[in-house]
Ligand SMILES: *Cc1c(COP(=O)(O)O)cnc(C)c1O
Ligand code: SF4
């Protein structure tokens, strides 16, 4: 469904529609507002009721406009409208299955890998993805990322980065760091740039997908002053590759900011070769490089999106060799030991040489390898 402005609350008009502040202010947070975009099913109605007081939900008008009004299995709906399954606790589920908390060095810095860190900017997001791996921190009303409050001084965090010369890569994330306005973001980015050993700054944001009007010329120009900057975003379904999303990525790219994509393999959303092939080839058309495909972790409130490892391997096998090499993301299981590449091996060691297998399943023995 095309975004038709006459359906918007108060007839937004194009100027409002393309203003990210308007999108944030007019976010869908009630059943009544949601019903302006879709025919809400009984199950969705009940789910909205049952997550009340437990999990936040919020959808930008832009992202709501991508929903299929009649199909409750629409991938955009599944990712953004609450589901009753979020309240089920699956065996083994946890709020932090990858133990990020134990690597937290300051209020905002998670230092798990030798040369790079996660810097938590905010717990806010324009759309609260139902499958968020940090669901407790972003969406659970009881949860927060921050040991101390979000508003507390960042000086101890900057001090930590400045005093650890091994850190050459800082990933701004959260939550969605682009929830902050340009001025607050520039305060952070410019401070990071004052630390000589920080070589690259990365911004992890879903805005190109859920709030593409956030990627303004002004934002891109500001970031361009602090190069090298890399951007990573989170498209999960070809339906999300719209004209607006494409234009947002194009603005970043034209300012010299490479854009990479991290998807999560989600049951019912993108767990098929056909959908993933359309996604990754669609991303190449907008010059966004598929980076990671994450296996969905057993996160409390997210478990119903989990697929099997075999499904993930089937998806990767259906991409590799069948399409452009750099369209194929690395398939990753995230664990307390870190990210684990889960792709299959195409080479098998034999006593004398190796057996190799190509993407069509044809095998051959190579001696002396
Ligand atoms: C994923 C992650 C990173 C970045 O890892 P890359 O593989 O370099 O993208 C850094 N720190 C933490 C804690 C992470 O989870
Ligand atoms: S935008 Fe990212 S951090 Fe925010 S809810 Fe979605 S997946 Fe989680």
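In case you wondered, yes, glycine gets a Cβ from its N, Cα and C as well.
Sequence annotations record features per position, and here TrEMBL assigns domain 'Radical SAM core' to 111-351.
Counting only same-chain residues at least 6 apart in sequence, those with a Cβ under 8 Å from the Cβ of residue 129 ([4Fe-4S] cluster binding site) are 79, 80, 206, 234. The [4Fe-4S] cluster binding site annotation in TrEMBL covers 125, 129, 132.
If you draw a 10 Å sphere around the CB of residue 339 (N6-(pyridoxal phosphate)lysine), it holds 15 other CB atoms from the protein chains shown. Residue 339 (N6-(pyridoxal phosphate)lysine) falls within a strand segment according to DSSP. Per TrEMBL, the feature N6-(pyridoxal phosphate)lysine maps to 339.
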Anything from the recorded positions 125, 129, 339 with its Cβ under 6 A from ligand 2? List those in sequence order. 125, 129
Taking DSSP three-state, what's residue 125 ([4Fe-4S] cluster binding site) in: helix, strand or coil? coil
Chain-internal residues, separated by at least six, CB under 8 A from residue 132 ([4Fe-4S] cluster binding site): 125, 138, 139, 299, 302
Mind giving me a neighbour count for residue 125 ([4Fe-4S] cluster binding site)? Other Cβ atoms within 10 Å of its Cβ, every protein chain shown. 25
Counting only residues outside 125, 129, 132 in the same chain, those with C-beta within 8 angstroms of the [4Fe-4S] cluster site's C-beta centroid are 127, 128, 130, 131, 134, 135, 138, 139, 176, 206
Kindly state the mean pLDDT of the domain 'Radical SAM core' (111-351) in the predicted structure. 96
